[in-house]
Amino acid sequence: MLPSIWDLGLRVDARGPFVVSGEKPTGGHEVAPVTNNPGGPITTDLRVNERIRVPEVRLVGPNGEQVGIVRIEDALRLAQEADLDLVEVAATARPPVCKLMDFGKYKYETAQKARESRRNQTNTVIKEMKLRPKIDPHDYETKKGHVVRFLRAGDKVKITIMFRGREQSRPELGFRLLQRLAEDVTELGFVESSPRQDGRNMIMVLGPHKKKSEARVDVEAEKAKRQAERDAEEQAERAERAEQAQAHEAARAAGSAKKPKGPADNLDPE
């Protein structure tokens, strides 16, 4: 039978941290100094409770307090009596560093943080719009509308001017077109990459003024506004149709009440 933690000089105080007293730990290896983050970062594949197969560990209490080097059996006993798990947080340390914690709660909180981190990450999306140097006004307005939509959504836009045949000898046409487009959308974006020749084409990159997350909020607000306007219009149309139906019904009832008498109605019953 293993000696109790009291025989070892280990004490668990429900009102305070874990403490260690008694004899100094024995062993044939040198003990590394303890820091506030023993053994470095927590690994992703952690060994828990009986999966930890080492003779002794450097134990850390649930609140980060240093307990000291104890035998694995005693560390497991402490975890069981505190209704916690013994988790190996630094396997490469000598001896390995283990911490008393609620492992299920730890995994849940770690997963929550990972999801939050992924949600806050900004994925850079570059849209592309291709134009001809001699584009007609209607097509230009259509293309510009797409660029405006992309920038409003928080995306970068790569503008490509495609030259064909003799147009390649007139690069100033493409340059002026890119300048015009940049000026037309200056409220939503800026020139992130100035116009430059790329083989037969000329390219320019426009960046949005707002971040993707901010733009997403604006887009959702705009969608909600348009939906509210559509709902209001539909409600007004339904009310108008109902009024027309009521007016039609009232007119029909009035017509029935004023129906002229026929010859039979004028006969004297006597």
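Note that Cβ sites are derived from N, Cα and C of the backbone, with glycine treated the same way.
Heads up, TrEMBL stuff is auto-annotated, nobody curated it.
Residues or ranges marked as compositional bias 'Basic and acidic residues' by TrEMBL: 214-243.
Long-range neighbours of the compositional bias 'Low complexity' (244-257) within the same chain, counting only residues 6 or more positions beyond its ends whose Cβ lies under 8 Å from a Cβ of the stretch, are absent. As annotated by TrEMBL, compositional bias 'Low complexity' applies to 244-257.
For 48-116, the entry in TrEMBL reads domain 'Translation initiation factor 3 N-terminal'.
In the domain 'Translation initiation factor 3 C-terminal' (125-208), the DSSP tally of helix, strand and coil residues is 35 helix, 31 strand, 18 coil. Positions annotated as domain 'Translation initiation factor 3 C-terminal' by TrEMBL: 125-208.
Among the features that TrEMBL reports, region 'Disordered' is placed at 206-270.
Across the residues of the domain 'Translation initiation factor 3 C-terminal' (125-208), the predicted structure has a mean pLDDT of 94.
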